[in-house]
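Taking it in order: structure first as structure tokens, then the write-up.
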Amino acid sequence: MSGDHSDATIARRVRRLETLLEEKGLLTGGELDEAIDSFLAGASPANGARVVARAWTDAAFRSRLLADGTAAVRELGSMEGSYQRLRVVENTATTHNVIVCTLCSCYPLRLLGPSPSWYKSEAYRSRVVREPRAVLAEFGLELPPGTRITVWDSSAETRYMVLPRRPDGTEGMSEEELAGLVTRNALIGTAVL
Amino acid sequence: MARINDVGGVEGFGPVDTADDSEPFHADWEARVFGLMNALRAQGIFNLNEFRDAIESMPPGEYLAASYYERWFAAIRTLLERKGVIEPGELDD
Amino acid sequence: MTDRFAPGSRVVTYLHDPPHHTRLPRYARGKRGVVVEPEGRAELADVSARGRADAPVEQVYAVRFEARDLWGEGDHQVVLDLWESYLEEYEEGAADER
């Protein structure tokens, strides 16, 4: 949204602020790079896909995941301490879940990777709580008229992830192959598989 | 009164641009702003709710005109100025 | 500390329009819903947003709203995560204006 001019201006101001904070001893040289690197390294939709594939293939894990997402996800390692609480909501033949944060942009970063721009947009945030069917149709998702939609507006500390339905004809697939089918939008609820 | 960030059910923002864009940062300065926010929070200069409050308190026109990380940077400035860490205008040219 | 609301409790959100940060969106103010479950205790964002270290810690509840109660139409549901002090018990037959 910014043109080159304002981009250069803000880039200069950010650099100036970094320098000021370093001079005041509030920031050390490598600190920002570290924060950025750990963010980029730890956050990926592959994490969420792995959780989903496990839930599809292990009924006991699925039960634990739906009962206490925080603890179940921890079993798979590498996702410690990311959220105060994770709640996984399951799509069924008659129900569909979709996630939003109308007030800002809360999102289960670790499991889903950096959020897409549309998730942070006013268009998505304003409309999905009011007319979810119309919004999902814009993503190419037409749900049967009888499907009950629940919109989860993340207004506090809990982060939500959708457990999509396992596609038909995937009975013989390995957990790894199944994980490869899971898309980021399916974990948000703006797509099905 | 309701703030500009509180957009649930507000009309007029148009269709969702569903382009599958998951580049975390579109410029290097956005990554730096992301890092700054996290570093300042970790040091207890401000907490996450203060940060959100500062974003929401932007004048509505500025909020809507700003990109995601422009909002973050505006909020960081506001909080650092309010807390006396930097002087008002100190970052300007 | 015991939770004020159990799953299934009928609640109504406050209609207050606070002059500060809050996590109750305006579309859900003064609306009736049903508690889904407690989500764990957290510092009240409204107070923490003022940089205060003494923010009360309250239970947060997932609360389910019917679209028709929020918007007057629609067949979907919306679930919000709301701090205990955003909620009051709702009694059948009580005046709708609060």
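Note: Cβ is positioned from N, Cα and C throughout, glycine not excepted.
Proximity of A:SER105 (Fe(3+) binding site) to non-local residues of its own chain (separation of 6 or more, Cβ distance below 8 Å) is seen for A:SER115, A:TYR119, A:LYS120, A:ARG125, given in sequence order. The Fe(3+) binding site annotation in TrEMBL covers A:CYS101, A:CYS104, A:SER105, A:CYS106.
What TrEMBL lists as domain 'Nitrile hydratase alpha/Thiocyanate hydrolase gamma' is A:10-191.
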Report summary line: Near Fe(3+): residues not in A:CYS101, A:CYS104, A:SER105, A:CYS106 with Cβ within 8 Å of the site Cβ centroid are A:THR102, A:LEU103, A:TYR107, A:LYS120, A:SER154
Report summary line: Fewest C-beta neighbours within 10 angstroms among the binding-site residues A:CYS101, A:CYS106 belongs to A:CYS101
Query raised in the report: 10 Å Cβ neighbour count around A:CYS104 (Fe(3+) binding site)?
Result: 19
